[in-house]
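Data first, discussion second: the structure below is written as structure tokens.
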Amino acid sequence: MASPSELATERSHSKPLGIRFWEYIKKAKLSYKSHQAVVLIVTFFAYSTYHATRKTTSIVKSALDPQSSAAGLKFPWRITYLSSPAETQRRSWVLGDGWAPFNGSDGTALLGQLDVAFLAVYAIGMYFSGHLGDRMNLRIFLTVGMIGTGLFTSLFGVGYWANIHSFYYFLIVQMIAGLFQSSGWPSVVAVVGNWFGKKKRGLIMGIWNAHTSIGNITGSLIASTLLSYGWGWSFVVPGLLIAFMGILVCLLLPVSPESVGADRQEEEDEAVDSPKKKREGVAEPLLGSHTEMKEIAVGFIEAWRIPGVAPFAFCLFFAKLVAYTFLYWLPYYIGHTAIEGKYLSDETAGNLSTFFDVGGVLGGILAGHISDRLDARAITAATFMYCAIPALYFYRSYGHISFAMNIALMFICGMFVNGPYALITTAVSADLGTHSSLNGNSKALATVTAIIDGTGSVGAAIGPLLTGYISANSWSAVFMMLMAAALVAGLLLTRLVVAEVAARISETRSQGRSQSRSQEPELNV
């Protein structure tokens, strides 16, 4: 067994270089709270850049395919664009001309196929990423994922300057980008879960999860602003941004308290009164590393058997189907729907779509706070999904009346659609990754997160794909599909909702009985 000095030396070498430099300047160790602040800030901006790169495609869609397609998806994988006519392969691109192969009669279909290819690889990669994340240094794993994402996002944009018109080039680049993107979510949730206990986890992660919407908004604004200079810039700039952020992650992100020798006793005031937490806090320098070595990463099948994982995973399948249909198609829908009798430009449609994400920020915070107060994750998630149904109906039916009406209804849709999505992918995943059935083993966080979000990502791939088919005939049918998905998402949590309601009733009755007993002596007197 290693001596305390050897353990301390090993732990100092595992500290990120930026943390070591900070402590050198400060001439003192960072407190537990300081480490928590670093974790929240770094992971917030890290995942914001993931979504900024992901959002770009939806903004550029209308520039690549300026005409609404009525052809549907008749030929799924075209090969005719490997040698497009010379007149369509001009370098002097002008906004509104479109870009071969996406400016043909089946351009909408091809763009939908890019979405589904990206998301399908992302979903499959998620399962493997969670498995690897629990077995690797999450800081290095996340850094590689971010730099790889930046590289292949930029390569998509390079197609503009290289005058590339091969559909397969864009397809392959998107698929590899999806694979690298799958490293992000299991990693950041696992790191945050390592540093924050269950108390107020819903609220903390609800606020923290605003990175999703902030990233979407940032990506929308960057892509829309740069679109007039050439659509390639709309990919390259977000790609460089996430690569730079990946370097900061490598320099600053502490993966867990044990990896940097932080004292868990500082986490909460009540830790002093808890024998278990006090023991962890006092003995951590001696036992922290040894305990970590004893933990064995939970297997894929074993993680599925954790109570609550399967229902929430399948609920997220449908919730993410709705959310990602908006993510990838909302700017296109706005640009092809007359509002006050006028059609908006690509840039204006992209900017207007950000109100959906603004509503999502509020929805995520509300869902987290409410679920903390009620101690009822399933009830909160199901209620939000049911409320999303009328919100979607009203947006489709009345969103075209005026800009103000469109913005208000879009904001409400974002709140109810992204609220449960944010709750399930953050607080619920962290709760289940540290479930009591694991007996304190923390080596399940990334795997459980990957299972839940990976299953959700399958829905995220199917939603945009179906939209590519259905929207060619009717956008009303698309919204019917989204409302049906929201209903199913809520119904899948029924058993957990009933269990939480029963638990609340039982708790209320026991409190009533205890109050009655406390009042009995006074009544006898």
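Backbone N, Cα and C atoms are what each Cβ position is placed from, and that goes for glycine too.
Note that this is a predicted model, so its numbers are computed, not measured.
Annotated domain 'Major facilitator superfamily (MFS) profile' per TrEMBL: 41-502, in sequence order.
Among the features that TrEMBL reports, transmembrane segment is placed at 109-128 (among others).
TrEMBL lists 140-162 (among others) with the feature transmembrane segment. Residues 46, 49-50, 53, 56, 93, 99, 129, 132-133, 169-170, 173-174, 176-177, 179-184, 187-188, 191, 230-236, 238-247, 249-250, 253 of the same chain lie 6 or more positions beyond the ends of the transmembrane segment (140-162) yet place their CB under 8 Å from a CB of it.
Annotated transmembrane segment per TrEMBL: 168-196 (among others), in sequence order.
Taken from TrEMBL, the feature transmembrane segment applies to 208-229 (among others).
Among the features that TrEMBL reports, transmembrane segment is placed at 235-255 (among others).
Annotation comment: TrEMBL describes 309-330 (among others) as transmembrane segment. When Cβ-Cβ distances below 8 Å are used as the criterion, the transmembrane segment (309-330) is approached by residues 54-55, 57-58, 61, 115, 119, 216, 303, 353, 356, 378, 381, 385, 388, 392, 410, 413-414, 417-418, 420-421, 424-425, 428-429, 432, 448, 451-453, 455-464, 467, 471, 478, 482, 485-486, 488-490, 492-493, 495-496 of the same chain, each at least six residues removed from its ends.
Per TrEMBL, the feature transmembrane segment maps to 350-371 (among others).
Annotated transmembrane segment per TrEMBL: 378-395 (among others), in sequence order.
According to TrEMBL, the feature transmembrane segment maps to 401-423 (among others).
Taken from TrEMBL, the feature transmembrane segment applies to 444-466 (among others).
The transmembrane segment annotation in TrEMBL covers 478-503 (among others).
Tertiary proximity for the transmembrane segment (208-229) is limited to same-chain residues at least six positions away from its ends with a CB under 8 Å from its CB atoms, namely 40, 43-45, 47-56, 59-60, 63, 95, 192, 235, 237-238, 241, 327, 331, 346-347, 350-351, 353-354, 357-358, 360-361, 364-365, 368, 414, 418, 422, 425-426. Residues 15-19, 35, 38-39, 42-43, 45-46, 49-50, 52-53, 56, 60, 137-140, 142-147, 149-158, 191, 194-195, 219, 222-223, 226, 262 of the same chain lie 6+ residues outside the transmembrane segment (235-255) yet bring a C-beta within less than 8 angstroms of a C-beta in it. The transmembrane segment (109-128) makes contact with the transmembrane segment (444-466), as judged by at least three Cβ pairs under 8 Å among residues 6 or more apart in sequence. Long-range Cβ contacts of the transmembrane segment (478-503) within its own chain (Cβ-Cβ under 8 Å, at least 6 residues beyond either end) map to 308, 311-312, 314-319, 321-322, 325, 329, 376-379, 381-383, 385-386, 388-389, 392-393, 395-396, 417, 420, 459, 463, 466-467, 470-471. Of the ranges 168-196, 350-371, 378-395, 401-423, the one with the most Cβ pairs under 8 Å to the transmembrane segment (444-466) is 168-196. Among 168-196, 378-395, 401-423, 401-423 has the largest number of CB pairs under 8 A with the transmembrane segment (350-371).
Mean pLDDT across the domain 'Major facilitator superfamily (MFS) profile' (41-502) comes to 81 in this model.
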